[in-house]
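Worksheet for the structure shown next.
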Amino acid sequence: MDKIENNKAWFLVLPVLLLVAFSAVIPLMTVVNYSVQDTFGNNVFFWEGLGWFKEVLTSSRVHGALGRQLAFSAIILAIQIPLGIAIALCMPKRGFWASVCLVLMSLPLLIPWNVVGTIWQILGRTDIGLLGYTLDQLGISWNYARNPVHAWIIVVVMDVWHWTSLVALLAYAGLQSIPQAYYQAAKIDQASRWKVFRYIELPKMQGVLLIAILLRFMDSFMIYTEPFVVTGGGPGSATSFLSIDLVKMALGQFDLGPAAAFSIMYFLIILLVSWVFYTVMTNIDKAEGK
Amino acid sequence: MSLQWMAWTMPTAIFFGTIAGLLILFTILAIRFPETPRRGVLTIETTRGDRLFITLLGSAFINAGWLALSGQPQWWALGICALYAYAVFRWV
């Protein structure tokens, strides 16, 4: 134990702590306060106890939104992660075309979310949209505003279009960091392409892929803008994910109490998932550091 | 400063006071009695602070589950949380 711990360094974190307190902790505490009370505005509150939590926890509407949310996150992860890896494997490793690919891949990531929503909203329309019109001409009765399956297809495809490049870029960065010696050794052993992928590339990409899964899970779990612009959560509540449902409850109906209880449960789920990912990632780092 | 905009109530004040108190207590413990992380049943390295976090987060879910499923007084959930906290600090 020749390392000296100096806890005074913690004082340097103090400004950030103050900022976080005002931007996150105090609003969160206010939400907790709202969740046990009822209000009709004017800053007048009535004690409600755990009633809202019970309502939210047993509400079929919230269960439905949570189910749709989990399904959506599972679907986009199941598509984006393998697709992103496949794209990264196909990209040229160096030279002019590598740069072209990188620029093209990062383009969707730069577009603001509501613009992405508008693009796909228009693209899917049968009167003026290229996709909708083509499907219509092919004889498919396409209508994402009325058919829940079509609404899901367009929301999922939109998310895949918007975010697969992030996974691909992360996987590409992971691939680039593998030393050439590994491939040479594999060549000497006459390893097949699949074995190179399974035993060299995949293990070496593990770290970045976990980050990609975490980022994509969190982002998709909190998705709001794009489905809101394209389908508005409809038809009915077919694409009402957690955030959309929460905003409807808090702002549409001004049910601050139930919405606050809903937010806290939402927050707890995200906290749990983040903690699991964080623990897994740090443990992998430690195992590699040995 | 008026705290009215935050809509404080006594129970929520006690709730946050308890958490703040626990954080201060564990900070003091960490300074007075330094420790090395250990591995328990979850096979992950944990310090006292990690175990406190696991306890608090788990307790939130125990309370939510109790409220949704049991229909019994909420105090009993606190008892389960105490057992859970003991288990976490003993074995995790």
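Any Cβ shown, glycine's included, is placed from N, Cα and C.
Listed features, source TrEMBL:
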- A:66-277: domain 'ABC transmembrane type-1' (DOMAIN)
- A:12-36: transmembrane segment (TRANSMEM)
- A:70-89: transmembrane segment (TRANSMEM)
- A:96-123: transmembrane segment (TRANSMEM)
- A:151-175: transmembrane segment (TRANSMEM)
- A:196-218: transmembrane segment (TRANSMEM)
- A:259-280: transmembrane segment (TRANSMEM)
**Prompt:** Does the transmembrane segment (A:259-280) come near the transmembrane segment (A:151-175), with 3+ Cβ pairs under 8 Å (pairs 6 or more apart)?
**Reply:** no
**Request:** Please figure out which one of A:96-123, A:151-175, A:196-218 racks up the most CB pairs under 8 Å against the transmembrane segment (A:70-89).
**Result:** A:151-175
